[in-house]
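Reading through the structure tokens given below for one structure.
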Amino acid sequence: MSAEYGQRQQPGGRGGRSSGNKKSKKRCRRKESYSMYIYKVLKQVHPDIGISAKAMSIMNSFVNDVFEQLACEAARLAQYSGRTTLTSREVQTAVRLLLPGELAKHAVSEGTKAVTKYTSSK
């Protein structure tokens, strides 16, 4: 596991370096990923199993790819109906179109549950 889990840094921040140095080092830009969330889900499902950095990278690429496919499909659906705003309806339809059978049903129910929880907390 790397030090990136659970830590946030303000964009454009100094990253803890002193400004007194004459030589300016290249600023370390934080790379956003789903690693922390993938790891948490893994521990919920299989608490005794770990994951290698290579496998984590593959999983992160997979999540990014699925997210991009869903976003593109939802945007296409909104465009077809002449709308400029993505709603949960477009996202739900995109999930039904892209994911197979039982996986789509579970994804829709979990998504509905998450939206309900979010709206009730406001």
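Every residue, even glycine, has its Cβ placed from backbone N, Cα and C.
On a predicted model such as this, the values are computed, not experimentally measured, just so you know.
What Swiss-Prot lists as region 'Disordered' is 1-30. The compositional bias 'Basic residues' annotation in Swiss-Prot covers 20-30. Summarising the annotation, Swiss-Prot assigns ubiquitin cross-link to K31, K117 and lists similarity to another entry as the type of evidence. Marked as N6-methyllysine by Swiss-Prot on the basis of similarity to another entry: K43, K105, K105 (among others). Annotation source Swiss-Prot lists N6-(2-hydroxyisobutyryl)lysine at K43, K105 (among others). The phosphoserine annotation in Swiss-Prot covers S81 (among others), and the record cites similarity to another entry as its basis. The omega-N-methylarginine feature in Swiss-Prot is assigned to R83 (among others). The N6-glutaryllysine annotation in Swiss-Prot covers K105 (among others), and the record cites similarity to another entry as its basis. For S109, the entry in Swiss-Prot reads O-linked glycosylation site. Taken from Swiss-Prot, the feature phosphothreonine covers T112. According to Swiss-Prot, the feature N6-malonyllysine maps to K113, an assignment based on similarity to another entry. Residues or ranges marked as N6-succinyllysine in Swiss-Prot (evidence: similarity to another entry): K113 (among others). Residues annotated as N6-(beta-hydroxybutyryl)lysine in Swiss-Prot, with similarity to another entry given as evidence: K117 (among others).
Sequence features, as recorded in Swiss-Prot, placed on the structure.
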residue	record	DSSP (3 states)
K31	ubiquitin cross-link	coil
K43	N6-methyllysine	helix
S81	phosphoserine	coil
K105	N6-(2-hydroxyisobutyryl)lysine	helix
T112	phosphothreonine	helix
K117	N6-(beta-hydroxybutyryl)lysine	helix
Nearest to K105 (N6-(2-hydroxyisobutyryl)lysine) in three-dimensional space, by Cα, is which of the recorded positions K31, K43, K117?
K117
K117 (N6-(beta-hydroxybutyryl)lysine), number of other Cβ atoms within 10 Å:
9
